[in-house]
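Below is one structure, written out as structure tokens, with a few remarks after it.
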């Protein structure tokens, strides 16, 4: 496994530096998603000496036996994706002949053959798929009122929309969507892109909510992201996710989507032998002004030993999306936190652990975590996956061949539910920024009845009174509460990135003892990047160990909030690469004051003797200079908003 290396989340100037450096060779490291030797695809990144139009790039591609698949997002016409017509999709050696041919053109600055890597769908697959034919309801066409329950035949099985205790579930442990629907909010004028293995846009429960203009197939390079049918139904994943968001209401077919009047776009990008940086980048930057939300139920391999994340072009596309998408309000990227269970940590997944994405975990219908849930300090909130008592009490949604299923599961099922809730919030207030959505998530998510089945992680209160859990983030999404608060929301103040300090003198981590490092900071006080109220915190760390999986890391804020930023991963037997500038992220100090002493603790958790070194640590604080909720008026003195706002006001008076 290559070294786990990323600096991509540090600060805008680093991202700009990488953007200028281009997207050719990966993010400096990991390849951890690959098994075995390196793989090279038939895709090439071609960087021109000047910005060129698509016609010019097409002529260059054609001259050397390539197809031009178009410009890269954010490259201003300097970079294009070429695919060779005869090279195999994957080979173990670079094709130097084709690289040299491209570089021989006087307008080409460089050409880089793209490495391939694995990305996996996050969803359990039942041994026998529970696929059902369509069921039609006698009430179709009666014009049901919005305050009545949906008549869709699978709605009674959609316990995550309305939990009445079905199959041993906890009554009212659900997304509280009916409270949003009752306000007339159903997702109108919002489009969610399902980045997956395709969407069956001819499904009768989806076809009227399908946004063809915002859809594309990056696996086959055409505008028709239809799934490739296989005998094992594996390519049903995207269609199932789409139904969770926007399945139509009261049409007698399957169930109903969380935001049933919203639109879905299909972005087919998972169905090829190997992923490339260019496919990911173009998917995440596709039609950013037509698409509001991108939902991703996939990521690096959840094997408990992979450390991997987005490469350069992909990271650039995400950053451009949050900065420029939706006409400057920012696209919302929703990510499934991972299905590696207690043997994995989603802070080792650079997609889920990114501050630009919203990482969503899952709970089952009685409130406990699913056995496949990963824990990490970067998870912001949770929704729901399969039920506890009955393996068939999964998520009821659309499936291939115009059919329905009740067995969709994994954190794959959780992310689209969150996307649907965010679509409701965006209808309620179309001016919400990507950061507003994150703040609303923190303030309106509920602890409810969520608990850790193995009693490892308890609910803890941070320094400004916000409860969080290492598994569930700030709780389960509450659609009704989010819509209500969205209507009165005022956008949060500008966000700043403060490089708060660094330690670069290596020190040994001794078995049986914790190593403590401290950084005292004024959080850039008096500068243009002053941070007084936290959002995300990153500990950018380099370390090595005789067995990386036995290393644990903790970060404690000046207000005393302790985040486990890396837990033990029993399957990770790496002893060579360790971590190189890996940005471990925590949301647990949200709203806190960053001034003071931050403590990093490193220790081994193993019955065997281990040794290693903490090589360097940089602390990066992200947040606002001004109090984020100063213009809002809480509806209840017991709400999270009221609690945090009072904490901020009390601090200001001292």
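Placement of Cβ uses the backbone N, Cα and C atoms for every residue, glycine included.
The active site, charge relay system annotation in Swiss-Prot covers 196, 237, 412. Here Swiss-Prot flags 254-404, 346-376, 498-524 as disulfide bond. Here Swiss-Prot flags 158-483 as domain 'Peptidase S8', drawing on sequence analysis. Look at Swiss-Prot and you will find 491-627 tagged as domain 'P/Homo B'. The N-linked glycosylation site annotation in Swiss-Prot covers 189, 312, 544. The annotation signal peptide is assigned in Swiss-Prot to 1-21 on the grounds of sequence analysis.
Features recorded in Swiss-Prot, as mapped to the structure shown.
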| residue | record | CB count, 10 Å |
| --- | --- | --- |
| 189 | N-linked glycosylation site | 12 |
| 196 | active site, charge relay system | 30 |
| 237 | active site, charge relay system | 27 |
| 254 | disulfide bond | 31 |
| 312 | N-linked glycosylation site | 23 |
| 346 | disulfide bond | 28 |
| 404 | disulfide bond | 26 |
| 498 | disulfide bond | 25 |
| 524 | disulfide bond | 20 |
| 544 | N-linked glycosylation site | 21 |
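When the recorded positions 254, 312, 524 are screened for a C-alpha within 10 angstroms of the C-alpha of residue 412 (active site, charge relay system), no residue qualifies.
In this model, the domain 'Peptidase S8' (158-483) carries an average pLDDT of 96. For the domain 'P/Homo B' (491-627), the number of residues in each DSSP class (helix H, G, I; strand E, B; coil) is 3 helix, 73 strand, 61 coil.
Annotated pair residue 189 (N-linked glycosylation site) and residue 196 (active site, charge relay system), C-alpha to C-alpha distance, rounded: 22 Å.
Comparing the Cα of residue 524 (disulfide bond) with the Cα of every entry in 196, 237, 376, 404, 544, these being the recorded positions, the smallest distance points to 376. Within 10 Å of the C-beta atom of residue 376 (disulfide bond) sit 29 other C-beta atoms, taking all shown protein chains into account. Between the C-alpha atoms of residue 544 (N-linked glycosylation site) and residue 196 (active site, charge relay system), the distance comes to 35 Å.
A simple way to gauge crowding: the CB of residue 412 (active site, charge relay system) has 27 other CB atoms within 10 angstroms, across all the protein chains here.
The two recorded residues residue 196 (active site, charge relay system) and residue 498 (disulfide bond) have their Cα atoms spaced 35 Å from each other. Looking at residue 404 (disulfide bond) and residue 237 (active site, charge relay system), their Cα atoms lie 12 Å from each other.
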